[in-house]
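Enquirer: First the structure, then my questions, so here it is.
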């Protein structure tokens, strides 16, 4: 199944990279990296490979981009910094536990913090957490004090970690820590997530706040973490401040970019953030080892470019990504996009890993292995629902909502009631489509070990499966996932819509 020609990325404002030591115009961008952050190891068969950060940084250096920005060595956070969000007993556990010590612990202690195959214990775990989080927290402080307009921390973006437990390869939620710093100086912070997985940990942290809006574009259905329904809009003061765009498998460039720009434009208009955090998980690229989207490098980078064009203080983070070569390509390309540089497609021979890329191109064509399960009617439906909800939140945080396009505040409840009673036939058709989308989506057969051979703890490929999204592979979700789902499920709205299967 051939991949469609990718959409364009560069425009007339982008500059060619100047090589050979000539003077260049320095951008007001800080780039965080630490030489040790890519040398940790989750386990031989684990799909999360911190080594991707080393290869990415090598590409950034090979394209001579450090001359255009300020390179900062990531600091290590203190335990007190991490305890700004995470519970003290969980912080104490992360700070003291070692793989050897874990062998003497009771199983219920490890289960309490959700330690297992997906989130294993490995040597240097605490150092790894403090390093990847350091760039996000200190980067937020740089934005607060207007030292930089944009901060990049590719090691960060681990969006699944919860207050008291690990989840989805993530141990410390550096995003939440960074947003908490930004809130010290900014009234409204926007969080955008283009990882293929729902940014559940970040939404959960700010689900009842009107000062943080979370917007997540993610694969929905039988896919980790299983949350992120379009009906999940936040609670209490945070009602309508959680925006979820649940997408089906193998979405292509044009519809994704169209939906992204439409929604983010409306968010900018109605929420008017003072600072933005963008999580750029590259597992939403086509051909990702664990992903199920069909985006090209250009489409992924177009999302970054659009957010940059909003002109707000911006922190750009990494996230998921499990085809190592493509993760490095993606984030190196997006470093150039943030700097406004036009990069040659042929990877420089000066790269230590140039032989590692085949073809030796920055943006090779990627081939989808699934049919696009997102119909135009489905995408139109979730776009319409999202834009209608965004109209409800115009106004400053934590104060009475202002009038919305001539509508008085006392009419809003009546409008919501009318919405429940006036759903169109198209929306009913969407419900029918969602029931059969998974059946229509072709998934390339993957061969998984089925023998009863013994594997080292945390390295059984049959158990490292939460992210695959196929029947029979995903273990039960964590305790907090289940609790939050029960707590925030909008049962009455689903009942009145008479569409119990809508995502």
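We count from 1, first residue shown onward.
Each Cβ is built from the backbone N, Cα and C atoms, and glycine gets one as well.
TrEMBL annotations: computationally assigned, not manually curated.
Note that the coordinates shown come from a computational prediction; the quantities given were computed from them, not determined experimentally.
Pasting the feature list from TrEMBL:
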type	residues	note
BINDING	118, 168, 322	substrate binding site
ACT_SITE	160	active site, proton acceptor
BINDING	195, 197, 283	divalent metal cation binding site
REGION	446-503	region 'Disordered'
Enquirer: How big is the gap, in Å, between the Cα of the residue listed as 'active site, proton acceptor' and that of residue 322 (substrate binding site), rounded to a whole number?
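Expert: The residue listed as 'active site, proton acceptor' to residue 322 (substrate binding site), Cα-Cα distance: 16 Å.
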Enquirer: Using a 10 Å cut-off between Cα atoms, which of these binding-site residues sit near residue 322 (substrate binding site): 195, 197, 283?
Expert: 283
Enquirer: Around the recorded divalent metal cation site, report the further residues of that chain (criterion: Cβ within 8 Å of the mean position of the Cβ atoms of 195, 197, 283; site residues excluded), sequence-ordered.
Expert: 196, 218, 219, 281, 284, 291, 319, 320, 321
Enquirer: Judged by the number of other CB atoms within 10 angstroms, which among 118, 168, 197, 283, 322 is the least packed of the binding-site residues?
Expert: 322
Enquirer: Which residues, sitting 6 or more apart from residue 195 (divalent metal cation binding site) on the same chain, put a CB under 8 Å from its CB?
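Expert: In sequence order, the residues whose Cβ lies under 8 Å from that of residue 195 (divalent metal cation binding site) (at least 6 apart) are 157, 159, 218, 279, 280, 281, 283, 284, 319, 320.
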